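Chemist: One structure coming up, written as C-alpha cells, with questions to follow.
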Ligand code: K7E
Ligand code: CUA
Ligand code: CA
C-alpha cells in the first residue's frame, strides 16, 4: 500500500524542501513565508494509491455490526467547545459531551444543574478546547476523570467518565488563554497543570499595553484535580505553550515560543532559540507550605516567582534553550525524555529527565547539557507520540507527514555515530497538528494505533462549501511500517485526542438517585417537601412557580398545569424508568426550554411564562411506541 517515496529509509537528510528549511532557519521568517510553505506541503499522492490503500485498510478497521471497539477515544471539539467520544478503530462517534458550549439536546447551558456547574462562566456560550487528558494513578489511566482546557475563556473543565458529563468548571484567575494542559501522572493525578499562553500586565486594569515591563508576565497553573480549585501559580519568563509531566511526580515542563515577550510575528520569531521551562513541583510545594508566596491582583491563590533575577535562576524553575518557537511538549512513555517539538526548526529536542536533578543542583555550566539529542526530522514538527517500543512519531505540519524515528538511535547520532534514526515518513492529508498513539501518555503505551489530526482536508471528502472539515486519520502502527487506514472528517477543530483501552473506562448504565450531578436540585425539592419519585405537584411561591413531575414511558406525571403570565416557572422532572436506554426529554414549545432526563435522573429548567395562552410540552427523546403522545399542556393565564 505504501508509496515508496514516503519511506525515506534511514535518511537523515530531508529529500525535498531544503531551501524551505534554510528559509526557516533564518531569523527573518515572516508570516507570509510560513503561509507560503504551508501551501506547498505534500500533495504527492494519486487517486490510485489511495484506492489500493483503502482496500487493505478495510479489514483492519472493520468493526462489524454489533461488535465493540477496542479503545475509547476522547476528542477535543476545538472551538466548538465540546468533547466527543469515539470508538477506535472504527472511528464511530459514540457520544458528545457538552462542556463550554450550549447543547440543545441535553440542555447543557440551559438546565439548572448545568448552570450550577458553569457558575459565573455560564455567561460565556463559547469555548475553545484543545487538550483532553485522562486522570492517572501510577502512570496508568484510572478512568476517573477527563480534563480539558478552554483557551477562549481561560477555563479548565472536568468530566466524570462514569457518567460522561462535565461536573466541574474552574476559571483560572489573573491569566489569559489556558492552552497547554497536562496531568500529574505519578503517584496520581493530584494536579492538573495548565499553561496560560498570553503575557498580560498585572494588575491588568487598562494602564498599559507594555509587555516588556517586569509586571507583565504569564503564569503556570496547578489545579487541585479532586477539588477543582487553584493550588498554586508560578510566574514565568516569556510565554507558555504546551506542557507535560514526568513519571516521578517531581517535574513538569512547558514550551515557550515567545521568549521575546513580543506582540507581533516578527518579534515572536526574533530569537533563534526560545526555551523549555521545567518546574520543580516539590520545591514549589515546600515554599507554599512555608508561607513563602504572594497573592496577586486580589486573588487568594498562592503565587511563586519562577522568573530569573539578573540572569540567576529561581529555585522553582530552570530554562533550557531550544530552537525556535517550540510547540508540543511530550514525555516519552518510557519516562526518560521530555521532547520539545521545534515548529520553526526542523528538529525536536530530547531532554533527559534523569539529568534534571543535576540541573536543579546547578551542576551544569550550560542548561543544554540535559539535551541528549536534537534529531532533524523535517519541516514544522509540532507533536510527538510513542509506541512503547522505543520509537517516536512526530507530525510535520509543513511537510504534511508523520515521521517515525527511533529515540536511542537519535541519541547515538547526536554523539556522532553514523546512524539512521528515521524509520519512515508517511504522507498525511494534510498539515497535521497533534498525533496520538494508543495509551501513549502512560507507561502502558501499546503501539497499536496512531491518530493524526490534520488541519486541512482539501479534497478528501465531498465538498461542504467554503468551510471544510478537518481530517482525523487513523494509522496502524502495530507493524514495522505505518499504514494509513481511515479518514475521518471532523468539525472545527479537534486539536488533540486521547485513547484508552475499553476496560479502563467504566460507565454507569442508569443514574444513581443520589448522584451529586443533580443533588442541588434534589435539595431544593426537599425544601418544597417533594418526593421526587412519586409526587406530581405545583408549588406557588409569589411570582415563582415550581412544577414537579415524574416521567415514565410514555407519559409525564403531570399532563397539565396553569401559571400566570410573567411567572418564573421551574419544571423539575424525575425519570422513574429503571430501564437502560429509556431517556426522556422535556421541551416547552416556544420557550427555549429543552432537556434530557435519563433513567433515574432528575433534571430541571427555568423559564419565564411571558406569553398568555396554551403551550404544549413534549418528550424529545423517542422513548416508546407512544412517544409522540408523551405530551402535556401549560396554560398561561393573562396577567
Ligand atoms: Cu493546536 Cu496542542 Cu492547542 Cu498543537 S495545540 S496543533
Ligand atoms: Cu418520553 Cu419520548
Ligand atoms: Ca520566539
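Keep in mind that glycine also has a Cβ here, set from the backbone N, Cα and C atoms.
What you are looking at is a predicted structure, and each value in this text was computed from that prediction instead of being measured.
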Chemist: Write down the one residue from 215, 221, 295, 325 that TrEMBL lists together with 257, 260, 268, 274 as binding Ca(2+) 2.
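Modeler: Same Ca(2+) 2 site in TrEMBL: 325.
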Chemist: Given that TrEMBL annotates 619, 623, 630 as binding Cu cation A1, state which candidate in 584, 591 belongs to that site as well.
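Modeler: Given 619, 623, 630 bind Cu cation A1 in TrEMBL, the matching entry from 584, 591 is 584.
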Chemist: Give the residue counts of the domain 'Cytochrome oxidase subunit II copper A binding' (540-639) per reduced DSSP state, in the order helix, strand, coil.
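Modeler: Computed counts for the domain 'Cytochrome oxidase subunit II copper A binding' (540-639) are 3 helix, 56 strand, 41 coil.
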Chemist: For the binding-site residues 257, 268, 274, 623, which residues place their CB under 6 A from an atom of ligand 3?
Modeler: 257, 268, 274
Chemist: Taking the Cβ of residue 268 (Ca(2+) 2 binding site) as centre, how many other Cβ atoms lie within 10 Å?
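Modeler: Excluding its own Cβ, residue 268 (Ca(2+) 2 binding site) sees 18 Cβ atoms within 10 Å.
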Chemist: For residue 630 (Cu cation A1 binding site) and residue 383 (Cu cation Z1 binding site), determine the Cα separation and express it in whole Å.
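Modeler: Between the Cα atoms of residue 630 (Cu cation A1 binding site) and residue 383 (Cu cation Z1 binding site), the distance comes to 51 Å.
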Chemist: Please give me the CB contact count at 10 A for residue 627 (Cu cation A2 binding site), counting all chains in the structure.
Modeler: 17
Chemist: Around residue 274 (Ca(2+) 2 binding site), which residues of its chain at least 6 apart sit with Cβ under 8 Å of its Cβ?
Modeler: 238, 255, 256, 257, 258, 259, 321, 322, 323, 324, 325, 326
Chemist: Going by Cα-Cα distance, which of the binding-site residues (268, 495, 619) sits nearest to residue 130 (Cu cation Z2 binding site)?
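Modeler: If we rank 268, 495, 619 by Cα distance to residue 130 (Cu cation Z2 binding site), first place goes to 495.
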